[in-house]
Amino acid sequence: YVAAVYEHESILSPAPAVPVERRAALELMGRNLDIYEQQVLAAARQGADIIVFPEDGIHGFNFTRSSIYPYLDFIPHSHSGKWNPCREPYLYNDTEVVQRLSCMALQNKIFLVANLGTKQPCERWEPRCPPDGRFQFNTNVALGADGALLATYRKHNLYFESAFDTPAQPDHALFDTPFAGRFGMFTCFDILFYEPAVSLIRQYNLKQIVYPTAWMNQLPLLSAVEFQQAFSTAFNVNILAANIHHPTLGMTGSGIYTPVKSFIYHNMESYGGKLIVAEIPVITADYKTNLEKTPGRVSEKGEGKEQSPPSFYAEMMYDNFTFVPLWGEKGELQVCANSLCCYLNYQKAVLTDELYALGVFDGLHTVHGTYYVQACALVKCGGLSFSTCGQEVTDATALIDFQLWGNMSTPYIFPLLLTSGITLDFADHMGWKNNHYFLSKNRTSAGLLTAALYGRWYEKD
């Protein structure tokens with residue numbers, strides 16, 4: 001099928017904390033929706049079956065609970081029967097935004113997924129009803145090619161979004177299409193948690209995911225395109241990921257991902273939006289990925305080993321990693337923390353004076369969210385001193401053949417492989433063998449930035 005995602009440079013309110021009238025809010029959102037309209041038309045002309053827009057693309061961000069209120073549409077939560085906002089605009093008040101989205105889908109005969117703010121009145125006696133008598137949600141809507149509202153999803157894992165509420169139970173949002181079967185959807189920070197992302201995919205055996213996001217890149221392990229790709233590979237799903245484009249805030253990185261090929265956009269230099277359109281295969285349940293392949297032979301440890309290099313500590317992703325440096329053009333390294341040991345066999349195909357290190361972290365990550373991580377990471381350091389390992393690096397020249405493995409305690413491993421200029425590569429082999437997870441690659445297509453096993457131990461969050 002043909003998929004489209006749009007990385008949108010949203011027109012933002014100059015003073016989001018200042019309350020405005022609904023009319024002014026609609027005027028600002030209308031300017032963003034004008035751009036959406038052009039992009040839906042462009043995607044439809046290229047034969048797209050579905051288009052996905054980013055999180056916060058229509059209203060922006062940095063609101064307070066009260067200042068976002070005029071920007072919110074009312075949307076009945078999915079179980080209240082069929083509704084076509086474009087054809088039945090009179091059914092509910094305050095639905096101008098979803099009406100416009102619905103009409104875009106209908107006029108272009110395309111499935112459309114977008115993110116907007118919504119409100120739901122509640123009675124003060126209801127449990128969890130906020131003092132102002134309403135719930136406010138960060139919401140995705142999926143609209144059919146006839147404009148009908150197919151599904152709504154209210155974001156569960158909020159990321160410093162004081163304007164919004166968390167729904168009492170995680171939504172499992174699904175919709176069916178004639179071209180690729182069933183899709184699931186979730187938003188941004190959700191991708192790092194079991195609920196609803198993992199449980200949704202596992203419970204319904206989903207193979208297609210739509211993913212609006214407003215992601216601030218954080219190298220070396222959580223760049224948008226890097227993690228989107230890893231998620232697609234780990235779960236053997238197609239992901240249609242749309243990010244917003246604000247390079248000054250570190251926000252870029254969208255793509256259409258399959259487990260074996262990706263079409264990505266990452267641009268920190270220029271401004272303006274970007275439409276990505278690509279034809280991708282429908283993954284069926286028995287589609288085999290390179291996750292099934294067994295890795296090559298692991299060399300036996302300890303045959304005439306030289307002195308192993310010293311280990312050192314450095315901060316990476318706000319966590320205290322234990323590292324060992326890669327000295328020499330080839331070697332076998334091991335580094336451990338708590339119950340996790342990481343191993344690396346490597347050979348530098350091109351010798352450079354860059355410093356690389358193998359790092360391990362096994363613990364609770366506590367900055368900008370709390371979640372348990374088990375990571376084995378081969379990274380290029382920011383300079384030549386140990387203290388620069390873990391810094392954000394975007395360019396590298398060293399080509400390294402490697403086999404990386406670790407005795408991970410969780411089955412949820414995201415294989416990261418990022419190359420110079422924030423480009424992606426695919427491993428030759430990856431998967432489990434003898435209670436270790438392996439990732440191997442001969443000759444990356446560009447200089448190596450990061451090769452990592454990013455494990456999420458959800459039970460220990």
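Including glycine, each Cβ sits where the backbone N, Cα and C put it.
Listed in TrEMBL:
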DOMAIN    15-282  domain 'CN hydrolase'
ACT_SITE  Glu55  active site, proton acceptor
ACT_SITE  Lys155  active site, proton donor
ACT_SITE  Cys188  active site, nucleophile
Looking only at C-alpha atoms, tell me how far the residue listed as 'active site, nucleophile' is from Lys155 (active site, proton donor), rounded to the nearest Å.
8
Could you round the CA separation between Lys155 (active site, proton donor) and Glu55 (active site, proton acceptor) to a whole angstrom and send it over?
10
Local Cβ density at the residue listed as 'active site, proton acceptor' - other Cβ atoms counted within 10 Å:
26
Take the domain 'CN hydrolase' (15-282) and average the pLDDT across it for me.
97
